Amino acid sequence: MQPTRSVRPFKVVSDYSPSGDQPTAIAELAGRVNAGEPDVVLLGATGTGKSATAAWLIEKVQRPTLILAHNKTLAAQLATEFRELMPDNAVEYFVSYYDYYQPEAYVPQTDTFIEKDSSVNAEVERLRHSTTNSLLSRRDVVVVSTVSCIYGLGQPEQYMNAMVALQVGMQINRDTLIRKFVSMQYQRNDVDFSRGNFRVRGDTIEIIPMYEELAIRIEMFGDEIEALYQLHPLTGDVVRKMDAVSVFPGSHYVAETEVMQRAIGTIQQELEERLAVLEREGKLLEAQRLRMRTNFDIEMMQQIGFCSGIENYSRHIDGRDAGEAPHCLLDYFPDDFLVVIDESHVTVPQIGAMFEGDSSRKRTLVEHGFRLPSALDNRPLKWNEFTERVPQTVYMSATPGKYELGMGDGVVEQIIRPTGLIDPAIVVKPTKGQIDDLLEQIRIRVEKDERILVTTLTKKMAEELTDYFAEAGVRVRYLHSDVDTLRRVELLSELRAGVYDVLVGINLLREGLDLPEVSLVAILDADKEGFLRSSTSLIQTIGRAARNVSGEVHMYADVLTDSMKRAIEETDRRREKQVAYNTEHGIDPTPLRKRIADITEILAREGEDTKKMLEGRGGGKRSPTPNLRREGKAAAGANELETIISDLNDQMLQAAGELKFELAARLRDELGDLKRELRQMEKAGHLS
């Protein structure tokens, strides 16, 4: 079945119009893309509005677009920006849905098998399903993704074939529809009505699709669909009446019965062939292990059409040949889609590296009888497979890599900022007395309520420098690879909010950090040639001071290295061009002011939801928070649960107000569990 996609124009909605270098860059990019050039490079200086340029480019060329970022944080930032710029179009967010993921692995040296362990983020899983739903049902789609988009995903044809289209007046037997939902990997649950489940009440079926927040009610009269409604799953309030609706599967790995039977047959055939090889090599333990694990999976697939780790059998389900590339998100796009690779100097090498890292782990599992050889074909795409699937690519970076520069026919430059801000002045200073000099520079900027970034070469130096500054009375923090993602975001928000003034880091102060309050970037040991002090790294680090009117970069070095020369020359070239443009057009640089977004927004929504729920139940009087041990929660009655929820909500909002975000996040999760428990009690009729 070929998808029928609705057509709606891409449209940018903004109070601003393209300015600076943006109009020229947009026109040249659109011209090259429309002319069919496969690779186009945008060299855009930090803070010149590359994201907005990409949005206006999409509006010009009217193509479904995949935007690739090199980590989840940047992808989330881009998705937010594009949703604001294109509110009438489908802007989707597609990243790995694991909050925590430990892949299965085997360590032969210690004979240790590590079971797959993971924690799935339900909201991110919904967004992934929302992405594929949008791609198969409409053309005006922008997907912001990480390298997750090159990993195996179910076959789009099977996903489409499993979809059920419902409309008022349609003839279908109720039991047939129920069986259809089960085959689509939805579960019947008349008590816990949540995403991925459906419930049946007489001639009424209600289902919450994996990609939706609202439920669908199907009212039947005999074998005819009498009415279709979209409703709030908690309150049951009807949001709107519908004439027709399509429900997509609850899993990307769904397959029809005939397909699954064929797959089971080829899995059994491969198992026999592999067992013969292992036994011939005298690997009897491995053969027995493989036989037990695979037969268990086959039995699960025969009984329920699914098994844990079914993606490892995707080659059989898809009917692919050995070594053939898996289906992935790219296959869900129309043929004429566009790819925009953000921070391409980092993202391009990342895409190319995914395959080897994945296959080396799986080869060990196959050799020791934990998986069939076909599991090797559940993998990310190789670089050449990625480029074969992508019709046209726009590479965006302030420092494009050699690969991108070699692919594009000259770069499109975007150097002039809409705000008139110019690249920071660079000052090279000797290393002797560098710490005392830096301390003096910090004090000057703190008096002006400005922020400072300091980048070092080692974690030890970052820690010692942080301690030294703290003893000198400086409000300082440091950022390194051991700091988890949530804490990194919090640290950056706290820096912008003025909770502290100086952030010390190593390699984390480069791409994508949007910190307009930073007026000084200090680079220690700038003359130590290497990855952290290459011209690319230096230019990216310099860019962190480019969003402030009085931005400066101080490089502490005794020798002017080639990398430093290239970085300084390129920055001076851009700065000269920017100053000339401002002078010609009479522009005064204006400081960039961006909203400081953080976890408090999520917590505020959680607090509002709690307030509404308690008001709906009449509320509960406040009392000290009881012990929250598991057995305490289980024994708590409805009134006690309400009291706990109310107190936890207050504690969560108080923690957020005190900027204790990790505590607030833990309280939010505990609050969510308790509210689910109370709602389930209510649905089950256990509340008076």
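Cβ coordinates are placed from backbone N, Cα and C, and glycine is handled just like the others.
These features come from Swiss-Prot:
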{"type": "BINDING", "residues": "Gly44, Ala45, Thr46, Gly47, Thr48, Gly49, Lys50, Ser51", "note": "ATP binding site"}
{"type": "DOMAIN", "residues": "31-188", "note": "domain 'Helicase ATP-binding'"}
{"type": "DOMAIN", "residues": "434-587", "note": "domain 'Helicase C-terminal'"}
{"type": "DOMAIN", "residues": "642-677", "note": "domain 'UVR'"}
{"type": "REGION", "residues": "607-632", "note": "region 'Disordered'"}
{"type": "MOTIF", "residues": "97-120", "note": "motif 'Beta-hairpin'"}
Compute the mean position of the Cβ atoms of Gly44, Ala45, Thr46, Gly47, Thr48, Gly49, Lys50, Ser51, which form the recorded ATP site, and then list in sequence order the other residues of that chain whose Cβ is within 8 Å of it.
Thr53, Ala398, Gln414, Arg417
Of Thr46, Thr48, Ser51, which of the binding-site residues has the most Cβ neighbours inside 10 Å?
Thr48
Measure from the Cβ of Lys50 (ATP binding site) and count the other Cβ atoms within 10 Å, all protein chains considered.
23
Counting across all protein chains shown, how many other Cβ atoms sit within 10 Å of the Cβ of Gly49 (ATP binding site)?
24
Determine the Cβ neighbour count for Ala45 (ATP binding site): the number of other Cβ atoms within 10 Å of its Cβ.
28
So for Gly44 (ATP binding site), how many other CB atoms are inside 10 Å of its CB?
26
